[in-house]
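Pulled from TrEMBL:
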BINDING   Thr105  Ca(2+) binding site
BINDING   His110, His114, Asp120  Zn(2+) binding site
ACT_SITE  Glu111  active site
DISULFID  Cys126-Cys139  disulfide bond
Amino acid sequence: MLAGVLAAAVPFGVQLVVDTSAHAAQVTTLYYSSSGAPDYVTQIDQAAANWNNAVTDVRLVKGGSATIVFHETNDGQGSYTSTDGHGHGQIYLDRQQVAEGFAPTRIAAHELGHNLGLPDDYSGPCSEVMSGHGPGTSCTNAVPSAAEAAQVQRDWANAFAAVGGVRQAE
Ligand SMILES: [Zn+2]
């Protein structure tokens, strides 16, 4: 059976290809690149896998025409992302922050969360990835909480069609 394919134009000159053949929900595939963060390729892949294990409406796949691009820095400014919250962003992983003891897989999962539309929740528990540095370096959890996964699942159920403006988040 041929899959119905709907291409929706989005900013940055790329297209999100949405497979509409799924029975209930659409599934959006987002491609990411980790080649700009060579020290953290394994951790980035694990963070993406953690999201893929938690949600089904959106998939993170390495390669292709990446719209989520990882970089690494060493300036002590902390990790951050510039993203529209709808699957397009530049993610910067700070090696000094990792040296301070923050787990890079958790950082990657957190920044991916921003690219999937989630805001910071620094006062949240370690069981959330969006609590970020809030719980301190002892928190290494890189698996989204059930509530975080549910929010992303809801937001992407219709391919997260409403595109937001690019913003920067830590
Ligand atoms: Zn953040």
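Each residue, glycine too, has its Cβ placed from N, Cα and C.
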**OP:** Could you check which of the recorded positions Glu111, Asp120, Cys126, Cys139 have their CB within less than 6 A of ligand 1?
**Re:** Asp120
Original post:
Are there any residues in the same chain, six or more apart in sequence, whose C-beta is under 8 angstroms from the C-beta of His114 (Zn(2+) binding site), and if so which?
Top reply: Thr81, Thr83, Gly85, Gly89, Asp120, Ala169
Original post:
Helix, strand or coil: which one is the residue listed as 'Ca(2+) binding site' in, per DSSP?
Top reply: helix
**OP:** Select the most exposed residue of Cys126, Cys139, where exposure means the fewest other Cβ atoms within 10 Å, treating these as the disulfide-bonded residues.
**Re:** Cys126
Subject >> Site with most surrounding Cβ atoms, counting all protein chains shown within 10 Å, from the recorded positions Glu111, Asp120 >> reply: Glu111
Original post:
What is the Cβ neighbour count of His110 (Zn(2+) binding site) at a 10 Å cut-off, with all protein chains included?
Top reply: 27
Original post:
For the Zn(2+) site given as His110, His114, Asp120, which other residues of the same chain have their Cβ within 8 Å of the site's Cβ centre?
Top reply: Thr81, Glu111, Gly113, Leu118, Pro119, Val129, Met130, Gly132, Ala169, Glu170
Original post:
Cα of Thr105 (Ca(2+) binding site) to Cα of Cys139 (disulfide bond): how many Å, rounded?
Top reply: 11
